[in-house]
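Student: As listed in TrEMBL for this protein:
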BINDING   Asp133, Asp135, Thr136  Mg(2+) binding site
REGION    189-209  region 'Disordered'
COMPBIAS  189-198  compositional bias 'Polar residues'
Amino acid sequence: MRLAPVPLFFYQVPTLAVEYSGQSARLTHGDVRAVDACRYYGALIAAVVRGESKEQLLNDKFYDDHKLWFGTKPLDASIMEVASGSYKQPKGYDDGIRGGGFVVQSLRAALWAFWSTETFEDGVINAVNLGSDTDTTAAIYGQLAGAYYGYSSIPEKWIKKLYARDLIVCIAEWLQALSYSKNVETASSQGASATQMEPNDELERFDDN
């Protein structure tokens, strides 16, 4: 639910986006499924910001196509099943899609909402209508859908009721403006690609402050 700022900040270095998305989960969740769900979802959000299409995001081979981003740590089998398209159920709830607090279930439900609709609003409605832990499902959906559809796609009737709206928009703009790129510059000068960077490379930006 709190993942999006991490891949938004590190998207220019996908290996870092994936690694630190997983690390963010470890603050409160020790289960490898929670960590790997965040690694996978962080990769999706980073891919959106890097310009990939919805078709590419929802490709059953997304993990294989971006394997370098995940380093030497493969996804847990339960998350791999979701990444391979288990959420693509035309009848949604009747096909077993459920909103809930369990990470695999929530991830599957959020991706189904994104896959089964073509607008931000319709996806939120689908996510919430699954019932159970509706805020979790919608929040997970909203991170990917918001990155894909953009701020302007969110209904104004929802935005105008948002607490601290101006502050949230300001923080989002900071994330975009300050997104981590120094390692990209270093890699370019050394003839390396961003996907070849090691996740544990020194975060020089923070050392400069």
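Even glycines carry a Cβ here, placed using N, Cα and C.
Could you place the listed features in the three-dimensional structure?
Tutor: For Asp135 (Mg(2+) binding site), the Cβ neighbour count at a 10 Å cut-off comes to 11, with all displayed protein chains included.
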Student: Would you list, in sequence order, the residues of this chain other than Asp133, Asp135, Thr136 that have their CB within 8 A of the centroid of the site's CB atoms, where the site is the one recorded for Mg(2+)?
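Tutor: Along the chain, the qualifying residues are Met1, Gly99, Gly100, Gly101, Ser106, Ser132, Thr134, Thr137, Ala138, Ala139.
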